Amino acid sequence: MQANGAGQGQDSELSCLNNSAQNGESSSAGEAHTNVNGLSTTNNGNSVSNNDGIPAPAASNNTVSSDANSVKKKKRLSQSEEDVIRLIGQHLHDLGLNQTVDLLMQESGCRLEHPSATKFRNHVVEGEWDKAESDLNELKALMHSPSAIVRMKFLLLQQKYLEYLEDAKVLEALQVLRAELTPLKYNTERIHILSGYLMCSHAEDLRAKAEWEGKGTASRTKLLDKLQTYLPPSVMLPPRRLQTLLRQAVELQRERCLYHNTKLDSGLDSVSLLLDHACSRKQFPCYTQQVLTEHCNEVWFCKFSNDGTKLATGSKDTTVIVWHVNTESHQLKLMKTLEGHAYGVSYLAWSPDDTYLIACGPDDCSELWLWNVQTGELRTKMSQSHEDSLTSVAWNPDGKRFVTGGQRGQFYQCDLDGNLLDSWEGVRVQCLWCLGDTRTVLASDTHQRIRGYNFEDLTDRNIVQEDHPIMSFTVSKNGRLALLNVATQGVHLWDLHDRVLVRKYQGVTQGFYTIHSCFGGHNEDFIASGSEDHKVYIWHRRSELPIAELTGHSRTVNCVSWNPVVPGLLASASDDGTVRIWGPAPFLDVQDAEGLSGTDLFDWSSYFN
């Protein structure tokens, strides 16, 4: 493999020296000593021994020389080996182990960087700007783009100018600005900004306005990092290249890890480089931690609050139960029971600040309840008409408005007191979602589509079109992805920006019941859904096949909700009248853990795109 960048024709000069040092040999005028395949000999041929220290017959110099030449050919370094040695050398240099670097380069016959680059580096670090500028002329012949020299010169002169200003050498700084920077005719806008720094009254003011560390090692090292980006790697390696490669390897392993569900740490100190990254399935929410049995009929909906400290569950038994979540023990405790929903509760929505909770009923329910969760008081009971069907609701991100609607053609925007602010006629709504722009409302309707409605300019547009009814949908936190439960088809992932179907997830049983799925885990890398086969299915977002099937419910699982703050906590609501809380495995032996509910039969990493 050829080295990246310019100066490829000079590889022998830039990378490895064509002399005996390449093979780790050393010689002096007085005596030559050669080590060949564990055989040691001196130049007079009188003393020869093998690895065990046992004397062996003397060998002639010609024989040893021939063997040495043979080894020399075998030890010729490949391009990748040279690259690795240079990367190690750079890392050791950054650690201050310069003698070790010198020995490594001498023994391998490689060169860490071009001599001109070394000079350039030293002059920049020492602040010898005229010499550094002269070095650029030597480096020019080794670069692909001559225009890069202008950009590098600009950066050098900018540092020179700022250092003069900090030292209160205003006349010298002005000379640099007028006679050196301006004639480059490069980045005139930046030159105007630099000229304004002449008005700074003291050094602290200059550093603050220029967002600059000040004269010294810190700013010069930062400058050198910028300058290195213009030089081919065969001339000077990019800064901290080995750490960059290691960090990329760790990040890639994390991305490919099926069960990685913890906050990503871009640093290397938190991981071991001696082992491949692999999260245990026992750390994933695949195991029943608690079964909530307080409802006395089918449980149709469940939703964690935005701060993760509460769970609301709605049931056919006409009640909403609000549970307190202990974010440390992951145990839930009954907090409040909200009663009086005559038709049952099929949908719940927390306000952005979790102060209020809105409850909706099934198709034949024309009422909507807005509860104050802290006090347990009903703030608003809204009904525009007895012919309405208010089955879905979504909060505006401002927390002051919400939209609601149903399949009988009602689509309203209201304030917290239930006053009608706007309405959209003739839209048969199945599910609703408000985007973060506070203007756009997404609504799935009976035409198997999701449309975007703008209540400010009264415009609407088609975003998603399916071939089968959309029973429910939810949107990722960044507003980019939508997760749809499609009748007879299962769970589909759509990109709302590009308006394309990204993935169809397999395994789930979805007929014409309304089942609610969700995004979850750190960075919303996972997807969970209930199913008519009594299971909860979990997928990695990039894999169509489930990574876990959670068993325990005895009837259809209507809804799942992933805790937005505790990534190892998942709730599911079922027609069996229970709510199950799923979490990591208890502290068991591997054999015991493998026997718990949930399946993991294959290495699913091969299914990733």
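From the backbone N, Cα and C atoms, a Cβ is placed for every residue, glycine too.
Quick look at what TrEMBL annotates:
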- 1-29: compositional bias 'Polar residues' (COMPBIAS)
- 34-51: compositional bias 'Low complexity' (COMPBIAS)
- 59-69: compositional bias 'Polar residues' (COMPBIAS)
- 113-172: domain 'CTLH' (DOMAIN)
- 1-77: region 'Disordered' (REGION)
- 292-333: repeat 'WD' (REPEAT)
- 338-369: repeat 'WD' (REPEAT)
- 550-582: repeat 'WD' (REPEAT)
Long-range environment of the repeat 'WD' (550-582) - Cβ separation under 8 angstroms, sequence gap at least 6: 261-262, 283-293, 295-304, 306-309, 311, 313, 315, 325, 327, 330, 332, 513-522, 526, 528-532, 534-538, 597-598
Mean of pLDDT values spanning the repeat 'WD' (550-582): 96
Three-state composition of the repeat 'WD' (338-369), taking helix and strand from DSSP: 0 helix, 12 strand, 20 coil
DSSP-derived helix, strand and coil totals, residue by residue, for the repeat 'WD' (550-582): 0 helix, 16 strand, 17 coil
